[in-house]
Structures are given as structure tokens and as C-alpha cells.
Amino acid sequence: MAKFLNFFTSDKSEEITLNMDSIPKHIGIIMDGNGRWAKAKGLPRSAGHKAGVETIREVLVECNDLGVKYLTIYAFSSENWKRPKDEVNTLMSLLVQYLRKELNEIHKEKVVIKTLGDLSALPELCVKEIEDAKEKTKDNTGLVFNIALNYGGRDEIIHAVKKLYKDVESGKVKEEEIDKEIFEQYLYTAGMPDPDIIIRTSGEQRLSNFLPWQSTYSEFWFTDINWPDFKKDTLRKAIYDYQNRERRFGGVK
Ligand code: IPE
Ligand code: IPE
Ligand code: MG
């Protein structure tokens, strides 16, 4: 028998029923609007990023409670290096602080931490903290928490092509064997299902280089809410809308 979860939206205007049997397996989130959130409050952008970390905490717990299997957050894009040095440093140090503060709890919840992206360009301290977190949680059996860090979808594809090329050269893979399934094994998301839904906050409606290969059949969900104001109810509403869409994958119903 299907299980349901009833709840009211945060403004109490709507009662919503989630079908717990069709919770998306993989949710991708483009966390956007930290800077605008801060600006609207007359605060520095760093305050927005700080507040955004609290949202990550809340969303991770909620995804775990709802039974989501993979949560991928876009934390730092390969294009975000264009930002002022101070801001980049703030983002990196917030990541380190977040891991230091949350790792034990995350581990207790059986979450597996993974990263998507090229970590080699990150500050050494950051890399160490992340590698330790991945190592500590690698045998956990719960939700897979992917942090996209210095991630760019086009870079990911080039990176995959180069690795695949090497395997073709060495004879490990034959050219005629290459298909979508083989190719996907060379992406950062190897072995993971594609995101069922991609959420972007702050009113922007674009991918900004987030999971272009994996999102070809994802449902997109946009909200004007800035990331620091995104709450678990907003996530539930996104999932509710997702459950009321018809995914056809090119076929007919
Ligand atoms: C998202 O918020 C955080 C990151 C990209 C790391 P922004 O910093 O992009 O906030 P806006 O878009 O300037 O408001
Ligand atoms: C996308 O947000 C990157 C992350 C959320 C990490 P941006 O704020 O960098 O994207 P654009 O520049 O508005 O496309
Ligand atoms: Mg932005």
C-alpha cells in the first residue's frame, strides 16, 4: 500500500500530499541567490554564503528523511573562479568549516560524501578535509551526498573523453564497444542514476554548466526563493510538483 505524507506549505495556503513511494531517487540542486539574499538585507555577500550553508544542512536532513538516494549540490562551478579572490576564499573556508562541524553527524546518518569535479585546483587544506570526509564515509550505506566542487559539465565531458581515449589506446576498450553506457563510466557520476529533478533557486532558469550529460531527461523546477530562504517545505513542494509531472522519455503514455 502506498504511503503518503500530508503537510501544509509554509504560508499555510496549501495542503499537499506526497507519495512516499515515488520520491525522486536523485535530486540535483543549483543553489543560487546567496549574494542577492545578503544584498537585500544590506549584508556582505559572505553573509549570504554563510546562511546558505544552513540551508544545505536542512535540505540534506530532509532528503535523508524522505528516502532520497542521491543528493547533488552545486557548490562551486569551474567558472566561479572569476569571482573576487576574497569571495572565493570565503566559499572555500565555509566548506572546510561545514565539514568540520557536520561530518560526525553526517557519518552517523550513514551518508556517503562524494565529490564531482576537479579537486586538484582547490586549496590544499580544502582537499585534505574533503578527502578525509570521503574516506570516513565511504563504506556508509545511506544517501549519497555529491558535492560538485570546481565542477563544470563541459570539463567533465572532456575529462571523460581523455580517460576513455587512454583506455582505447591501451586496448582496454575497443572503439566499436563505445556507447552511452561505457562513456558514462568515465564521468564523475559513474554508477549513479541521472538526476530525476534539478532545482534552481533565485529565479534564474539556466544550467550554468551543471550536469549537462546527466540532465537530458531531468525535470526542472525553478523558484524565485533565494537559497538561504529555501526550507524543507520548499523541497517538499518541488517533489510534489515532480510527482505530478508526466515523464515520457520520448515515448507515449
Ligand atoms: C550561489 O549564490 C552560491 C554560489 C554560486 C557558490 P551566488 O553567490 O551566485 O548568489 P547571487 O547569484 O550572486 O545572488
Ligand atoms: C551556478 O551559479 C554555480 C553554483 C551554484 C555553484 P552562478 O551564480 O555561478 O551562475 P550564473 O553565473 O548566474 O550562471
Ligand atoms: Mg548566482
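Glycine too: its Cβ is placed from the backbone N, Cα and C atoms.
As given in TrEMBL:
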- D32, E219: Mg(2+) binding site (BINDING)
- D32: active site (ACT_SITE)
- 33-37, R45, H49, 77-79, W81, R83, R200, 206-208: substrate binding site (BINDING)
- N80: active site, proton acceptor (ACT_SITE)
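Cβ neighbour counts within 10 Å, taken over all protein chains shown, single out W37 as the most crowded of the binding-site residues W37, W81. Between the listed binding-site residues, namely D32, E219, the fewest other CB atoms within 10 angstroms of a CB are found at E219. Among the binding-site residues D32, H49, W81, R200, L207, the residues whose Cβ sits under 6 Å from any atom of ligand 3 are D32. D32 (Mg(2+) binding site) has R200 nearby among the recorded positions S78, N80, W81, R200, L207, counting only those with a Cα within 10 angstroms of its own Cα. By the rule that a residue counts when its Cβ sits under 6 Å from some atom of ligand 1, the binding-site residues G35, R200, L207 yield G35.
In this structure, E219 (Mg(2+) binding site) is part of a beta strand by DSSP.
Here L207 (substrate binding site) comes close to I30, G153, I198, S215: these same-chain residues lie at least six apart in sequence, with C-beta atoms under 8 angstroms from its C-beta.
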